[in-house]
Amino acid sequence: MSELAPLISDLALILICAGVMTLVFKRLKQPLVLGYIVAGFLASPHVPLTPSVIDVANIHTWSEIGVIFLLFALGLEFSFKKLVKVGGTAVIAACTIIFCMILVGIFVGWSFGWQRMDCLYLGGMLAMSSTTIIYKAFDDLGLRQQRFAGLVLSILILEDILAIVLMVMLSTMAVSQNFEGSEMVYSIAKLLFFLILWFVVGIYIIPTFLKRSRKWMANETLLIVSLALCFGMVVVAAKVGFSAAFGAFIMGSILAETVEAENIEKLVAPVKDLFGAIFFVSVGMMVDPAMIVEYIWPIVIITLAILLGQVIFGTGGVILSGQPLKVAMQCGFSLTQIGEFAFIIASLGVSLKVTSDFLYPIVVAVSVITTFLTPYMIRLAIPAYHIVEKRLPGKWRKMLERYSSGSQTVNHENNWKKLLVAIARIVAVYSVLCIAMITLSFHFIIPLFRASLPVFWANLAGAVFTIVCIAPFLRAIIMKKNHSVEFQALWQDNRFNRAPLISTILLRIMIAVMFVMFVIEKLFQASTTLLIGIAVVLVGMMMFSRWLKKQSIFMERTFIQNLRFRDVHAEFTGQKRPEYEGHLLSRDLHLSDFEIPADSLWAGHTLRELNLGHKYGVHVASIIRGMHRINIPGANVRLFPGDTIQVIGTDEQLGEFARQAERVSAAAEEEDLERREMSLKQFIIDRNSFFLGKNIRESGIRDEYKCLVVGVEKEDSTLMTPDINVPFTEGDVVWVVGERDDVYRLLGKKEKEEE
């Protein structure tokens, strides 16, 4: 009879304990994470009444794989575009909370007389609230749709990405065992460099690869390819000095920008659940009852520090970001727990052997206590708010109200700020690509040339290859934004702007020259004057090369298409609202979706027969029909069961339409998506306008240009519902919606008429 490997028996024990505990904790309506921790405790040597794990080292290896899958799945849910969209409120609140809670953790550890690294890691653990626990609590309490819940989830998005950054910084401190400023600056610069490099290269290559191989991508193949990309990035991250979890998160966030993201997330979920369970079970195995009894007071004090710290600093951070006191207190009370990232940071300290043995069990115990208290803390927020509001002095209450309303006003950025930020972003991204290409060339390509050619010719071939590869990037550094709206506006606005504008171009030329000089100087011995002359000539050729211009535009367009394709695809199929909806809101217009059910009386009728615009004052902007989208449908287009119509109107008009339509209740060819994208534009009727004196019917805006007039703004800034029989008058501002090409065709005619 063959002997069973210890790993298999250990896995059997772990999964049996985990399975039983998940059923128990599901019945108790508690988070499954706590069940896994209890299962790990039961399977540990600390409980003599139950069988114990034999090969602990192998289980820890599996738990590390669990961390990789947890961070990979987190990356799939994360999106760099989400980070941009969370807004200043979440940024200010998250940064305030993390900074203050790290200080709280350091102070608490220092007061106990713990070592410096224990204090730092404790601060990192206390700074990160548990996304998993908060999601579960909001669902159980039915709070996901409330205003404060959306803000809390935005804060958690930022906390997750900042936790990754914090892990990198803590790893650097652990390795160097010091806190030199230069070392920290180098670590942050290295982190930013690889973040930009991996994100840009990943978005350029991976979505294109997945789109071209889609016809061969069955679910099984897609799962294997995704995991291969994940673990490949894990290896790359480890090679350059980052943690495996960081690499998994980066690859997950890259795949999150692809159309296959949701499918990948579903396929990876069972694997993540398995290895995630093993990770949390391994966390429970670290719990030592004797250690907890010995450190019972630190556990109590740290728990109180989290509860009070998050209530105070969480509330303060959200108030600082401009939110009302009630919303701020609800956010602060919701963040009073630690969870998965605390365990990951604790396991990082253990693996690097820089934290004491007692810290891990303490953090697990604190997490269990704060997790149990989370629903009660969320419920306590409103009563606490009423108490604070009653006892708050009137002057303070008015000051908070003024600050809240004042912080939410919109400040328009000036052209200089927009231009300089755009130039800085372009220079940073393309410089990173140049550095990466030069490094790759000098470490791999040039040695290959030298192995087969004489030294001079090998160096010459290497220099030509390297400069040709970085030339599109250098041209983009120099030429991008030189013809932008902001640049032209500043140039025309004031003659004194021209010297600084020229300086921005010269500075970018100098950067390009320095890159070329670096390549040549490393391969050839020559005077500085000659090097500068050659570099200037080469950069000048790049600036005027039409081939390089085409290559640069092609690469940037491919990157932007890959980055936006998931959103464009979702918008086209009706899963996401069009971008122009935000512009409509500023004009007190809204976009709503209505589905035509099978038994609708509207089904089978044309838009002319229904006459929705005349009856309800609304406009049908698009019809989504299965896998197709009809933008600006004509009067003879019929509605069919299952159609989703996107309707534009004011709140009152849409409300009336919804009441009348209460019984009423997507992918096209990829190359058509951007061409069919809807946009909102405006133009002014002047004395020379072709449309002056004509009404909407006579203008041909709808019939000839396939555009829809959604509003006419008069000289007194009142927005009028368009009447097809009322002629346009001089000074009218006409707002039109249409497919991008049609809108630009209409505006092109307007500009020609003005000429």
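Heads up, the Cβ atoms here are built off N, Cα and C, so glycines get one too.
Summarising the annotation, TrEMBL assigns domain 'RCK C-terminal' to 579-663 (among others). Shown for the domain 'RCK C-terminal' (579-663): DSSP residue counts in helix, strand and coil, namely 25 helix, 25 strand, 35 coil.
As annotated by TrEMBL, domain 'RCK C-terminal' applies to 668-752 (among others).
Remote same-chain partners of the transmembrane segment (6-25), defined as residues 6 or more beyond its termini with a Cβ less than 8 Å from a stretch Cβ, comprise 31-32, 34-36, 38-40, 42-43, 50-55, 58-59, 62, 277-278, 281. According to TrEMBL, the transmembrane segment annotation covers 6-25 (among others).
Residues of the same chain lying 6 or more positions beyond the ends of the transmembrane segment (32-49) and with a Cβ under 8 Å from any Cβ of it are 13-14, 17-18, 20-22, 24-26, 130, 132-133, 277, 280-290, 339-340, 364, 367-368, 371-372. If you look up TrEMBL, you'll see 32-49 (among others) marked as transmembrane segment.
For the transmembrane segment (61-78), the residues of the chain that approach it from at least six positions outside its boundaries are 11, 131, 157, 160-161, 164, 230-231, 234, 244-246, 248-256, 261, 264-265, 268-269, 271-272, 275-283, 340, 344, 347, 351, judged by C-beta separation under 8 angstroms. Feature annotation from TrEMBL assigns transmembrane segment to 61-78 (among others).
What TrEMBL lists as transmembrane segment is 120-138 (among others).
Within the chain carrying the transmembrane segment (150-171), a Cβ under 8 angstroms from the stretch's Cβ atoms is held by residues 71, 74, 78, 82-83, 86-87, 89-91, 93-95, 97-98, 120-121, 124, 127-129, 131, 134-135, 138, 184, 187-188, 191, 242-243, 245-246, 249, 318, 323, 327, 330-331, 334-335, 341, 344-345, 348-349, 352, all 6 or more beyond its ends. Among the features that TrEMBL reports, transmembrane segment is placed at 150-171 (among others).
The transmembrane segment annotation in TrEMBL covers 191-210 (among others).
Residues or ranges marked as transmembrane segment in TrEMBL: 222-250 (among others).
If you look up TrEMBL, you'll see 295-320 (among others) marked as transmembrane segment. With a cut-off of 8 Å between Cβ atoms, the residues of this chain six or more beyond the transmembrane segment (295-320) that come close are 89, 92-97, 100-101, 104-105, 108, 112, 122, 126, 129, 151, 155, 327-329, 331-338, 358, 361-362, 365-366, 369-370, 373, 377, 400, 403-404.
Summarising the annotation, TrEMBL assigns transmembrane segment to 358-382 (among others).
Counting only same-chain residues 6+ beyond the ends of the transmembrane segment (427-449), those with a CB under 8 A from a CB of the stretch are 193, 196-197, 200-201, 457-459, 461-462, 465-466, 469-470, 473-474, 476-477, 508, 511, 515, 518-519, 522-523. If you look up TrEMBL, you'll see 427-449 (among others) marked as transmembrane segment.
Per TrEMBL, the feature transmembrane segment maps to 499-520 (among others).
The transmembrane segment feature in TrEMBL is assigned to 526-548 (among others).
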Integer mean pLDDT for the domain 'RCK C-terminal' (579-663): 76
Paired segments the transmembrane segment (499-520) and the transmembrane segment (358-382) in contact, 3+ CB pairs under 8 A: no
For the domain 'RCK C-terminal' (668-752), residues assigned helix / strand / coil by DSSP: 20 helix, 24 strand, 41 coil
The transmembrane segment (120-138) and the transmembrane segment (358-382) contact flag, 3+ Cβ pairs under 8 angstroms: yes
Same-chain residues at least 6 beyond the ends of the transmembrane segment (358-382) whose Cβ lies under 8 Å from its Cβ atoms: 30-31, 33-34, 37, 118, 121-122, 125, 130, 133-134, 137-138, 140-141, 143, 283-284, 286-288, 291-292, 294-295, 298-299, 302-303, 306-307, 311, 326, 329-330, 332-334, 336-339, 342-343, 346-347, 349-350
